[in-house]
Amino acid sequence: MSYPQYPAQGGYPAMPAYPGYTDAEPPASGGTAITAGVLACLCGLFALWGAVQAFMLSAMSVEMFDAELTAGERARAESAIPGWTQTAGFIGGSVQLVIVGLLIGGAVLLFMKKAAGRWMVASGCALVILFSIASFILTWVVLDSMVEEFAGQGSSTGPSAQEAESVLGAAMVVGGIAMFFVLLPAIVTLVLALVRPTRRWCEQGTGSVSANVPPYGAPPPYAGHPPQQPGYPPQQPMAPEGYFQRPE
């Protein structure tokens with residue numbers, strides 16, 4: 001004899017899973033973040049070298065040419081080189097030291113999965129781009145001023161205006177190529193620091209990335225057991241075989 005409230009064993013259908021429940025997003029590999037950190041270190045070392053050169057050049061004055069220039073040529077050299085070049089050199093060296101701190105410090109924090117390192121690297125790269133463009137323009141202004149002063153103006157041994165202009169053009173072409181090789185790694189590093197995989201890499205370090213959980217705050221189902229749908233009454237236990245059965 002059987003009872004309808006106690007269906008036979010194995011007759012309970014499996015409960016459907018939560019709608020929209022998906023597995024957790026796989027962790028970021030860190031390829032873009034590590035590449036950005038390595039490039040930031042290299043750019044920082046190059047900026048450190050540039051800062052040393054800027055301080056050394058700005059410390060030199062026109063008097064260093066006294067042994068090679070006549071009095072008239074020295075006077076023209078002092079008038080050709082703008083007075084603000086030495087100040088600009090010290091400012092440029094200081095800016096490059098700031099770039100060194102942002103890039104190398106940001107790279108270290110990026111390797112440690114810190115979000116601040118990502119923004120420090122991006123800020124340092126943006127500063128490299130702006131500083132390189134400004135340096136190229138200032139260099140062109142200084143060289144153009146020197147060419148106008150020395151191009152055949154009262155110096156029998158000096159170069160002609162055409163020769164001086166050709167030298168200036170060649171120098172600016174070389175400077176433009178050098179600026180391109182400075183800007184290219186900075187732009188690549190900036191992009192790598194801002195892409196989504198790098199952001200996820202940093203979020204893993206702060207613990208803000210977590211696995212997807214079922215809705216309504218329900219705990220995830222145990223392995224091998226389907227979850228219980230909200231609103232359904234709890235399942236009745238199955239009656240043991242022979243329990244509540246009358247002898248026939």
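Positions of Cβ are set from backbone N, Cα and C atoms, glycine also.
Packing against the transmembrane segment (33-56) from elsewhere in the chain are residues 89-90, 92-94, 96-97, 99-100, 102-104, 106-108, 110-111, 113, 117-118, 121, 124-125, 128, 182, 185-186, 188-189, 192-193, 197-198, 201-202: each is 6 or more residues past its ends and has a CB under 8 Å from a CB in it. Look at TrEMBL and you will find 33-56 (among others) tagged as transmembrane segment.
The list of residues near the transmembrane segment (90-112) in space but at least 6 beyond its ends in sequence, with Cβ under 8 angstroms from a Cβ of it, reads 33-34, 36-38, 40-41, 43-45, 47-48, 50-52, 54-55, 58, 118-125, 127-128, 131, 135, 193, 198, 202, 205. If you look up TrEMBL, you'll see 90-112 (among others) marked as transmembrane segment.
The annotation transmembrane segment is assigned in TrEMBL to 119-143 (among others). Long-range contacts of the transmembrane segment (119-143) within its own chain (CB-CB distance under 8 A, at least 6 residues past either end) are made by residues 36-37, 40, 43-44, 47, 81-82, 85, 88, 92, 95-96, 98-99, 102-103, 105-107, 109-110, 168, 171-172, 175-176, 179, 182-183, 186-187, 189-190, 193-194.
Per TrEMBL, the feature transmembrane segment maps to 167-195 (among others).
Marked as region 'Disordered' by TrEMBL: 212-248.
For 216-237, the entry in TrEMBL reads compositional bias 'Pro residues'.
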